[in-house]
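Undergrad: Pasting the feature list from TrEMBL:
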ACT_SITE  62  active site, proton acceptor
BINDING   63, 66, 68, 70, 72, 84  Ca(2+) 1 binding site
BINDING   159  substrate binding site
BINDING   189  heme b binding site
BINDING   190, 236, 239, 244  Ca(2+) 2 binding site
DISULFID  31-111  disulfide bond
DISULFID  64-69  disulfide bond
DISULFID  117-312  disulfide bond
DISULFID  196-221  disulfide bond
SIGNAL    1-20  signal peptide
SITE      58  site 'Transition state stabilizer'
Ligand code: HEM
């Protein structure tokens, strides 16, 4: 009797694990053209505006780090609902929502209410990296969309640019990442742009910055708060629109845009990882790919949890 009860329990556990598992072939029969549709739309969006690749990659990160990869970041505020888009790390900073809405409507046109917004974000992040010259990886699929969002978790769990190395390591450890994963994921800052208000302190007040680099940034980012706050600078001043390992060589020459970037190479425990990724493009792309898969696996909703949204910006 005891053994049949424990066998039943084991079956239950196995079923729970199985339902929580994502698979790269999830849409192979239910929507065989989903991935090619997403890829075509991402490539078109990136060709139209190179920066969009960076914005889409960041959307996926900001989705996964809050409640898990559940599309919560895409839910727009309404009179009765507060989402994540106006949380401090996201407000007037996250972009690409219109591109995701467009992809979702193209996917809805071929497969009604089948492909989740959370999966679209995960695939679009990968396709963005590839569109900008990075290596590809396989994205596990089958996430479902949340009916909730959390601006307070967005505020507490997304790392700000003034974090030091200890803060960064613990923010990523909280989500199950090693310091090496954190350094690899930060390589995403090899593309995209940042606002003056996020790097002002670093260029005026830190000493671990290349003087010529600081001077060039100051030209477009005045010292006074409130002046030029939203002016942009590339996160990678060398190859801004190419997904390569230049981010790490920049750090070796003290050309990290944010305080948090330069913390990864500032005499601390992650220096050697930065050196390794700077000297080996292959070591970086393989560490980046596995950390991205790990990130994309953060607490997905699966099975009958959540829903498949019809429109990514609102619950059904
Ligand atoms: C390690 C901690 C991180 C911090 C402190 C951080 C912080 C920031 C900040 C402050 C910006 C600029 C926002 C603005 O000025 O509007 C930014 C941009 C960006 N971040 Fe991060 N980030 C981190 C990790 C990541 C990760 C893990 C990814 C993706 C895997 C990522 C991808 C990006 C991209 C692609 C951009 C440029 C977006 C665009 O041009 O639209 N970041 N990040």
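Cβ atoms here come from the backbone N, Cα and C positions, even for glycine.
Just so you know, TrEMBL annotations never went through curation; they're auto-generated.
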Undergrad: Can you figure out which of 58, 62, 159, 244, 312 (the recorded positions) comes closest in space to residue 111 (disulfide bond), comparing Cα atoms?
TA: 312
Undergrad: Specify all same-chain residues, apart from the site residues 63, 66, 68, 70, 72, 84, whose Cβ lies within 8 angstroms of the center of the Cβ atoms of the Ca(2+) 1 site, ordered by sequence.
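TA: Apart from the listed residues, the neighbours are 62, 64, 65, 67, 69, 71, 73, 118, 146, 149, 150, 153, 154.
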Undergrad: Write down the Cα-Cα distance for residue 196 (disulfide bond) and residue 66 (Ca(2+) 1 binding site), rounded and given in Å.
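TA: Roughly 25 Å, rounded to the nearest whole number.
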Undergrad: Fewest neighbouring Cβ atoms within 10 Å: which of the recorded positions 66, 111?
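TA: Least crowded of the recorded positions 66, 111, by Cβ count within 10 Å, is 111.
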Undergrad: Could you tell me the C-alpha distance between residue 70 (Ca(2+) 1 binding site) and residue 64 (disulfide bond) in angstrom, no decimals?
TA: 7
Undergrad: Going through the recorded positions 58, 72, 236 in sequence order, which have a CB under 6 Å from an atom of ligand 1?
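TA: Cβ < 6 Å from ligand 1, in sequence order: 58.
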Undergrad: In the three-state scheme derived from DSSP, which category covers residue 117 (disulfide bond)?
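TA: Once the DSSP labels are grouped into three classes, residue 117 (disulfide bond) ends up as helix.
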